[in-house]
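Student: Pasting in a structure now, in structure tokens, and then I'll have a few things to ask.
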Amino acid sequence: MNQMTDLSTTDTSPMLRVTDLSHRVSLETDTLTILQGVSLEINRGESVAIVGRSGSGKTTLLGLLAGLDTPTEGTVSLDGAQISSLSEDERAKLRASRVGFVFQSFQLLPALSALENVMLPLELAGMEAPEVRAKELLERVGLGERLNHTPRQLSGGEQQRVAIARAFASDPVILFADEPTGNLDNRTGQDVSDLLMALNREQGTTLVMVTHDEHLAARCGRQLHIEAGILTEPELAREQAN
Amino acid sequence: MAAKQKLMSVRRDWRERDVRVVLVALIIAVATVATIALFANQLQRTLVSSASSFLAADRQLEAENGRPVPQEWIEEARGRGLETGQMVEFSTMVFGESGFQLVSVKAVSDEYPLRGEIEIQSGMDDARQIVGAGPGRGEIWVNPRLLRLLELEIGDSLEVGNLELEITSLLIREPDGGFRLSSLAPRVMIHVDDVAGTGVIQDGSRVEYVYLFAGAENVLDDYYQWLEPQMEPSHEWEGVRDGETFSRSLERAERFLLLGGSLAVLLAAVAVAVASRQYALSQRDTVALLKTLGLSSKGIGGLYLRRLALWGIAGMVGGLLVALPLFWILVQLLSDVLEQPVDFYLDPTALVPALFTALVSLFAFAYPPIRRLRHVAAMRVLRSQPGETGREAIPDLIIAILAVFGLVWLYAGEVALVVSLLGGLVILLAVLALLGGLMVAALRRVRGGGNAWRLALVGLYRHRQASMAQMAVFAMTLMLAATLILVRSSLLDDWQAQLPDNAPNHFLINIAPEAVDEVEAFWVERDAPLDTLYPMVRGRLTELNDQPVQEAVTKDERVGALNRELNLTWMAQLPADNEIVEGTWFADGETEGVSVEAELAEQLGLIIGDQLTFTIGSETVTEPITSIRTVQWDSMRPNFYMAFPPGGGLTDMPSTWITSFHLDADNKVALNEFSRRFPTVSVLELDHIIERIQQIVRQVTQAIEAILALILAAALVVMAAVVSATLRDRQREGALLRTLGGQQSLLARSTMLEFALLGFVAGVLGVLAAEAAVYALQVRMFEGSFRWHWQVMLPIPVISALLLAFFGRWQLRPVLSVSPMLLLRRLE
């Protein structure tokens with residue numbers, strides 16, 4: 001733990017390092033390869049978009065980078081920790097303190113109010129005065145008036161704002177976003193992505209995002225293109241296409 | 001409120017449909033079990049106190065050795081807070097002015113009777129009176145026959161031994177009399193303190209000391225625990241259950257209540273298991289999110305465990321809040337039926353099984369699927385993961401079966417019951433699996449179309465997994481309900497057959513052979529024809545295969561029947577309610593042999609061909625055993641241990657005749673005339689006892705109906721819960737079908753048909769499984785014979801089909817009333 005804290009304060013090492021990552025799932029009859037030989041590095045403070053067609057493996061890659069799942073082969077190290085060799089509970093602990101998420105389908109708990117949804121990760125990480133921090137963040141995303149509304153009472157865009165507030169609540173060093181605007185109309189999507197990018201800048205968080213949205217992808221510092229489970233830098237891909 | 005705490009708040013949970021189902025199932029479970037336990041407890045108390053009056057106490061201690069029991073035994077009982085009383089019974093001669101007569105004396109203490117009442121008359125033509133105590137010192141109450149035999153009147157005095165006592169009342173009925181026909185001498189009752197003054201009891205006199213005890217069941221049991229090691233072989237502890245007549249009725253009633261309780265447990269288990277599995281499925285997204293947010297599996301496990309505990313508490317409290325008023329209502333109903341107030345008795349220990357059931361239901365049935373939530377992949381937040389295949393539920397099933405087995409065993413204490421029920425369930429599930437496979441194969445060929453039938457069949461196929469699961473639960477529920485209905489009807493039929501309205505309720509004893517025709521004519525004239533008349537010869541069994549019977553039979557096997565005179569008879573026809581278990585009944589004209597009652601034969605180790613020697617007066621008769629037969633002791637007809645053929649060994653022995661017959665209450669005045677014309681014939685009035693038994697049967701019937709209603713209600717809720725488990729999917733599908741252009745009426749019809757088919761098949765299966773379980777139960781537990789019950793069974797599949805069609809239509813209601821777009825959005 002100490003070592004990890006040390007690493008996070010020094011800016012020299014990359015935030016994410018992936019080496020020779022492969023992922024396969026066994027089906028009833030045969031094995032399906034989803035990712036093949038992926039290697040990449042993402043530096044601290046960088047914002048990276050993972051783009052590719054449906055079924056190309058980008059969501060799987062995001063899950064593996066975030067430690068939601070473990071790869072069949074290869075290693076993932078996040079903020080200096082070899083997450084591919086950690087147990088599930090160790091990974092959960094790591095997520096609680098350093099990782100934030102934004103999902104396409106918002107993933108708010110319907111039983112909890114906006115405020116409580118944002119408080120939840122703070123409580124799970126054992127932070128003090130979670131309510132103060134949660135309120136602050138909800139005000140920051142423009143929902144200061146709607147603290148006690150449940151997700152059902154909020155529009156899609158509002159729900160995603162709550163989710164963004166939640167993602168930044170525990171001061172993550174890295175934020176993973178899975179199609180954050182995928183379920184929103186253009187205008188709302190624009191607002192939400194503005195908010196996401198702005199908060200990302202303010203907090204100095206590393207951002208890894210899966211998206212279809214070319215505009216959104218273009219706002220990221222770097223784009224990783226993935227095709228049939230194989231990673232290509234977009235420049236490279238374009239050259240090959242030409 | 002902190003978010004994490006709020007996640008575990010029961011109030012918050014209550015807003016989620018699945019949790020509501022789990023909680024309602026739990027509340028029903030606790031309420032049903034608690035109500036049954038409380039009511040069964042109350043009923044048993046009422047029954048026991050009803051039946052106790054036949055002993056004039058809750059328990060009797062009989063000393064047949066002619067010696068009183070040590071005084072400290074009685075002191076001990078009093079010290080434990082039991083009520084006690086004493087009786088001394090012996091036979092002696094009494095002397096009036098005009099003659100003497102052998103009487104059977106019952107001397108009672110002031111406390112007699114501890115239970116029940118005595119009925120007396122202060123003059124031949126006076127009204128009958130009910131009193132709560134026996135005669136005082138210096139008084140004697142006598143049977144009316146004695147007055148006639150000795151030409152005495154009330155107020156005259158009668159000499160008993162050295163003592164002169166005043167006749168103050170006619171003794172009509174004593175609570176603990178009437179079942180033994182062994183004493184044919186007229187009964188007199190005196191005070192126990194007068195016994196010594198009579199000087200009748202000498203060393204070696206035939207006298208029986210009887211001690212009466214009454215009090216709380218557990219105190220009585222504890223006292224018996226203390227007493228038993230000190231008792232001698234000639235001491236007998238008799239409780240209501242050991243009594244002759246309704247022990248069987250009581251036992252069956254108890255068993256039925258236990259069966260009902262066990263079925264309630266099973267139903268509860270099914271409901272909780274179904275609902276919690278559904279709940280666990282719906283929680284997977286939340287768990288995945290919590291994991292993503294950094295909660296460890298241990299944290300998840302703890303979160304849900306605490307949640308279960310909270311549900312458990314809510315279920316218990318809610319269940320008891322339902323059970324207590326329900327119990328109160330049942331007790332009121334009971335007292336209405338009995339037309340007498342029932343003292344409301346709430347035994348807290350009766351609640352223990354209910355609370356225990358709640359805990360087991362939660363942890364054996366609800367916990368396993370919820371426990372598996374820990375293994376939900378965090379990755380699920382990003383994309384749906386392969387769902388549960390059902391294979392991981394196999395350990396759950398094993399745990400559930402073990403838990404059911406344990407619970408029912410604990411509850412009913414009957415291995416046979418558990419095995420029958422579980423056997424029925426296993427057969428049911430096996431048939432269901434087979435049938436399900438066949439059905440799926442058959443339905444695969446059906447193609448959709450505009451026809452409601454086709455749509456319904458396609459629907460069944462499309463939802464085959466859910467349909468099979470629902471069918472299994474429906475069939476199980478129906479099986480349990482049908483089992484109960486079946487057992488109930490055969491139990492009631494049995495009782496009805498045992499004591500029909502015209503059951504004999506009077507005995508005539510001591511009819512002289514030459515008076516038989518005259519007596520018979522007397523009653524025929526009065527429209528109360530007699531049952532079969534039997535000759536009765538008093539004799540003792542003295543030798544077994546030419547060896548004195550006391551030596552031939554070891555001490556342990558010595559039974560009361562050897563110590564007293566037996567009633568022997570001869571008869572040509574085997575009585576209808578007797579049954580030959582070994583050997584053959586006397587052929588026409590056969591004069592050799594004797595038929596022995598089965599229990600006695602077993603106790604004495606008698607087999608066909610054994611030579612029995614009887615001493616009758618100064619003569620002896622020796623005959624081989626030619627048959628062994630069972631006897632219905634509670635038939636209210638004369639029954640005999642030993643029966644000879646007509647013209648056999650008893651022919652020339654001095655005999656009197658005995659019979660029983662039914663006499664209506666409004667015809668009872670004829671008894672006075674009869675007694676005047678036939679003063680030497682004893683009339684034994686059993687109509688009170690029969691009425692009492694019929695009353696008990698009514699109580700038990702009422703209880704059974706009430707419990708049945710409760711369990712059927714529980715079954716209904718289980719079915720509703722299971723149907724609503726797939727509510728969301730069904731509604732979404734319905735909305736989609738409507739969006740795609742399905743007509744409302746077609747959708748409604750096909751859904752109702754689909755559910756009706758499901759209900760019908762489940763009904764048929766449930767009924768068949770119930771028949772199987774009842775077959776086992778009937779044969780093993782209730783000692784009845786098995787028959788098919790078409791009239792009960794046929795409506796069940798139909799009712800179940802209609803009910804499910806209704807449920808199906810009901811859950812489709814929002815789909816049909818709201819625009820499809822709104823619906824799809826709402827269901828998102």
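These residue numbers are counts, starting from 1, taken along the chain as shown.
Positions of Cβ are set from backbone N, Cα and C atoms, glycine also.
As annotated in TrEMBL:
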type     : residues  : note
DOMAIN   : B:262-375 : domain 'ABC3 transporter permease C-terminal'
DOMAIN   : B:707-806 : domain 'ABC3 transporter permease C-terminal'
TRANSMEM : B:21-40   : transmembrane segment
TRANSMEM : B:256-275 : transmembrane segment
TRANSMEM : B:308-330 : transmembrane segment
TRANSMEM : B:350-370 : transmembrane segment
TRANSMEM : B:393-412 : transmembrane segment
TRANSMEM : B:418-443 : transmembrane segment
TRANSMEM : B:706-727 : transmembrane segment
TRANSMEM : B:755-776 : transmembrane segment
TRANSMEM : B:788-807 : transmembrane segment
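Could you give the neighbours, burial and distances for every feature on this list?
Tutor: In the predicted model, the domain 'ABC3 transporter permease C-terminal' (B:707-806) has a mean pLDDT of 76.
Listed by sequence, the residues of this chain that lie at least six past the ends of the transmembrane segment (B:308-330) yet keep a Cβ under 8 A from its Cβ atoms are 8, 10, 13, 19, 22-23, 26-32, 34-35, 38-39, 42, 344, 346, 351, 354-355, 358-359, 362-363, 366-367, 370, 703, 706, 710.
Tertiary proximity for the transmembrane segment (B:788-807) is limited to same-chain residues at least six positions away from its ends with a CB under 8 Å from its CB atoms, namely 474, 478, 481-482, 485-486, 489-490, 716, 719-720, 723, 752-753, 755-764, 766-767, 770-771, 774.
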Student: When only pairs 6 or more apart in sequence are counted, do the transmembrane segment (B:755-776) and the transmembrane segment (B:418-443) reach 3 or more Cβ pairs under 8 Å?
Tutor: yes
Student: Which residues of the chain, 6 or more past the ends of the transmembrane segment (B:21-40), have a CB below 8 A from one of its CBs?
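Tutor: Here the qualifying positions are 10, 13-14, 254, 257-258, 260-261, 264-265, 267-269, 271-272, 274-276, 278-279, 311-312, 314-316, 318-320, 322-324, 326-327, 330-331, 346-347, 350-351, 353-355, 357-358, 361-362, 366, 703, 706-707, 710-711, 714, 717-718, 721, 724-725.
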Student: Could you give me three numbers for the domain 'ABC3 transporter permease C-terminal' (B:262-375), the DSSP helix, strand and coil residue counts?
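Tutor: So the counts come to 100 helix, 0 strand, 14 coil.
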Student: Could you count the residues of the domain 'ABC3 transporter permease C-terminal' (B:707-806) that DSSP puts in helix, in strand and in coil?
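Tutor: Computed counts for the domain 'ABC3 transporter permease C-terminal' (B:707-806) are 85 helix, 0 strand, 15 coil.
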